[in-house]
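As annotated by TrEMBL, domain 'MTTase N-terminal' applies to 5-125. The [4Fe-4S] cluster 1 binding site annotation in TrEMBL covers Cys14, Cys50, Cys88. Summarising the annotation, TrEMBL assigns domain 'Radical SAM core' to 152-384. Annotated [4Fe-4S] cluster 2 binding site per TrEMBL: Cys166, Cys170, Cys173, in sequence order. Sequence annotations record features per position, and here TrEMBL assigns domain 'TRAM' to 387-459.
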Amino acid sequence: MAPPRKLHIKSYGCQMNVYDAQRMVDVLAPEGFVETATVDDADLVILNTCHIREKASEKVYSELGRLRLARDEAASSGRRMQIAVAGCVAQAEGEEIVRRAPVVDVVVGPQSYHHLPQLLARAEETGRALETEFPVEDKFGFLPQPRPETIRARGISAFVTVQEGCDKFCTFCVVPYTRGAEVSRPVSAIIDDVKRLADNGVREITLIGQNVNAYHGEGPDGRAWTLGRLLSRLAAVPGIVRLRYSTSHPNDVDDELIEAHRDLDALMPFVHLPVQSGSDPILAAMNRKHTAADYRRVIDRFRAARPQIAFSSDFIVGFPGETEADFVATLALVTQIGYAGAYSFKYSPRPGTPAADMQEMVPAAVMDERLERLQQLIDSQQSAFNKAAIGQTVDVLFERAGRKPGQIVGRTAYLQPAHVFPGPMFLGPGMAPDSLVGQILPVRVDSLERYSLLGELAAKPPQHARPLAATGA
Ligand code: SAH
Ligand code: SF4
Ligand code: F3S
């Protein structure tokens, strides 16, 4: 048998790229590829790229510059290193990538990952292979399932893509062009994936999609199912104790999703609901198709269904034409909602998007100043949210052993990291702290260390607890 070839993948951008990287590993595993953590010993390096802002996109070229040196180094010791560019820059720039960086062997768009083995082989023969069309077949039908040992090695929390692409065409955004039109996977395929993950130790599933709550996949009854209905079905899969979903659009929040938050204990009360701006004229120019008041009403519906729900969001400052008054409306919205956290970005004009042709660019210094003010407000809300946990007993799903001996690390419902030293009185004889991985246990929070909660177990774990790997659970 040929020795395994080594594969190094570097991912940028969103959760979907993290998920896609795993699927690329799964597609290449039967070809004899195993993952390596470094570029230096890799036979194949894949850059899984993001096109969302100029900075993200340009990173690829500096990385390719470094890879050229690594490849020369490998060649000098008689080893051939292949270099592939995947992800949204591959989709958006295609041949332009090889023009700027001839070191690249393969360019592959996000809808063609199932063709990677053939593309690598073609590049081997002819020197280069590109595929950035949207193929007629659905890649999900062709991507192999991960091996049980691979699922276990990836941990107790997993992403599952249920929807891909976007039909919203916000005027600033490249996603509808890089990921294509909105497509939902069928319910049965998602249930199969989730069962397989649960059978191999996964306890928490995050359903992902660029517009995940626009989900409308075909159900076993032949009808289109909503995200809320899908979540209810997945909550019944044995072993799954936590469900999340990301990223949602305010306009696609329907009653079934709200009811899922009311009815499902497994559905975490933490929702990422980007609003981008608090100013109606800017929201209109962004083609968001909702006002700030519409957004507040959506938040109110969630809160009425589940009072302990918390939110995060994304914001863009300095969209073309944004005035001080527009920006103050954003600050006002943030103050009204009160977030557990949020991401904020300076507007970056993207080639081919309608906003890139808009005049009235906001000067860089003004953007910097607005970003600073917004981030200060969000940071203060986030610290207040985290501080409120002190003295409370919160449920933590334990994920892995901590860096310090005897420590174990997990997350709360709100994704706050929690660090605990269970100590001998909580662990039965011969039980290591990581035997708690995969369990939800109450933790009394004593203090904060930056964004992490520190505390103690508030109840003994069940004494049958054993490491997941040993139970085959
Ligand atoms: N599909 C998700 C995520 C889109 S990208 C959604 O619809 O929310 C993640 C975030 O990047 C967006 O929410 C937006 O805040 C930001 N973003 C997108 N395009 C941008 C641009 N041209 N400049 C700055 N930020 C941008
Ligand atoms: Fe981009 Fe808007 Fe679609 Fe989100 S909803 S992916 S911001 S076009
Ligand atoms: Fe970036 Fe593409 Fe995700 S542009 S944010 S990697 S969908």
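Each Cβ is built from the backbone N, Cα and C atoms, and glycine gets one as well.
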Subject >> Secondary structure tally of the domain 'MTTase N-terminal' (5-125) (DSSP, helix then strand then coil) >> reply: 69 helix, 24 strand, 28 coil
**OP:** With the Cβ under 6 Å from ligand 3 as the test, give me the qualifying entries from the binding-site residues Cys88, Cys170, Cys173.
**Re:** Cys88
Original post:
Including all protein chains shown, what's the count of other C-beta atoms within 10 A of the C-beta of Cys50 ([4Fe-4S] cluster 1 binding site)?
Top reply: 21
Original post:
When the number of other CB atoms within 10 A of each residue's CB is tallied over all shown chains, which of the binding-site residues Cys14, Cys88, Cys166, Cys170, Cys173 has the maximum?
Top reply: Cys88
Subject >> binding-site residues close to ligand 1 - of Cys50, Cys88, Cys170, Cys173, only those whose C-beta is under 6 Å away >> reply: Cys173
Original post:
How far is it from Cys14 ([4Fe-4S] cluster 1 binding site) to Cys173 ([4Fe-4S] cluster 2 binding site), counting Cα to Cα, in Å?
Top reply: 14
Original post:
Which of the binding-site residues Cys14, Cys50, Cys88, Cys166, Cys173 have a Cβ less than 6 Å from any atom of ligand 2?
Top reply: Cys166, Cys173
Original post:
Mean pLDDT, the domain 'MTTase N-terminal' (5-125)?
Top reply: 95
Subject >> Alpha-carbon spacing, Cys166 ([4Fe-4S] cluster 2 binding site) to Cys50 ([4Fe-4S] cluster 1 binding site), which is rounded to whole Å >> reply: 16
**OP:** Whole-number Å only: compute the distance from the Cα of Cys50 ([4Fe-4S] cluster 1 binding site) to the Cα of Cys173 ([4Fe-4S] cluster 2 binding site).
**Re:** 12
Subject >> Rounded Cα separation (Å) that holds between Cys173 ([4Fe-4S] cluster 2 binding site) and Cys88 ([4Fe-4S] cluster 1 binding site) >> reply: 12
Original post:
How many whole Å apart are the CA atoms of Cys170 ([4Fe-4S] cluster 2 binding site) and Cys88 ([4Fe-4S] cluster 1 binding site)?
Top reply: 17
Subject >> Cβ-based neighbourhood (8 Å from the centroid) of the [4Fe-4S] cluster 2 site, residues Cys166, Cys170, Cys173 excluded >> reply: Lys168, Phe169, Phe172, Val174, Val175, Pro176, Gln210
Original post:
Taking the centroid of the Cβ atoms of Cys14, Cys50, Cys88 as the [4Fe-4S] cluster 1 site, which other residues of that chain lie with their Cβ within 8 Å of it, listed in sequence order?
Top reply: Tyr12, Gly13, Met16, Asn17, Thr49, His51, Ile52, Ala56, Gly87, Val175, Thr178
**OP:** Write out how many residues of the domain 'TRAM' (387-459) are helix, how many strand and how many coil, based on DSSP.
**Re:** 5 helix, 33 strand, 35 coil
